[in-house]
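Peer 1: As listed in Swiss-Prot for this protein:
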- 10, 11, 12, 13, 14, 15, 16, 17: ATP binding site (BINDING)
């Protein structure tokens with residue numbers, strides 16, 4: 001039986017890493033994942049060895065000339081194609097589970113709504129890169145722009161995080177639009193960590209029940 005593919009999305013500072021860690025610990029402690037199957041935690045960009053090099057090209061602030069918007073889009077697509085073929089598809093085919101910090105939603109939100117690139121072009125590239133692989137459920141951890149800025153105040157921003165408030169606002173609007181899809185679940189990430197993970201657990205139980 002094919003494994004489950006769970007994705008976490010959201011603007012920077014939304015708490016994806018924290019909730020992924022909480023969910024993974026909980027899943028490992030339960031019998032929701034079939035016996036003899038495992039849980040793989042990954043991320044985009046940078047989920048593979050090649051992807052780590054691409055991540056550096058995309059996010060490194062020390063690079064003198066940043067990639068233009070189309071180059072950036074193609075690099076993300078290359079990272080995703082490698083990620084799907086090397087990690088995600090083989091893992092799911094074995095019946096194992098995958099939790100990914102970002103997937104296609106981020107490209108649509110950041111490059112589509114943020115960079116204002118053509119959405120149809122992005123979707124066409126995603127179709128090539130993903131080869132039909134899609135999440136069983138995507139959690140959008142939703143926080144206001146001001147909260148994102150506050151949470152990131154004491155950490156060093158990467159190249160994307162250094163974009164201005166207007167860019168971040170457009171990205172947030174993109175995520176809001178994407179979360180209307182039935183496979184997305186929007187969760188307020190300004191609630192307590194306990195409440196957030198409780199909602200996530202509830203949705204995972206529903207996912208298993210309706211399989």
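Every residue gets a Cβ built from N, Cα and C, even glycine.
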Peer 1: Within 10 Å of the Cβ of residue 17 (ATP binding site), how many other Cβ atoms can be counted across all chains shown?
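Peer 2: Summing over all protein chains shown, residue 17 (ATP binding site) has 12 other Cβ atoms within 10 Å.
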Peer 1: These are the binding-site residues: 10, 13, 15. Which one scores highest on other Cβ atoms within 10 Å?
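Peer 2: The most densely surrounded of these binding-site residues is 10.
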Peer 1: In the same chain, which residues outside the set 10, 11, 12, 13, 14, 15, 16, 17 have their CB within 8 A of the centroid of the CB atoms that define the ATP site?
Peer 2: 141, 143, 148, 151, 189
Peer 1: Taking DSSP three-state, what's residue 16 (ATP binding site) in: helix, strand or coil?
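Peer 2: DSSP assigns residue 16 (ATP binding site) to helix.
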Peer 1: Within 10 Å of each Cβ, count the other Cβ atoms and name the one among the binding-site residues 11, 12, 14, 16 with the highest count.
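Peer 2: The residue with the densest Cβ neighbourhood is 11.
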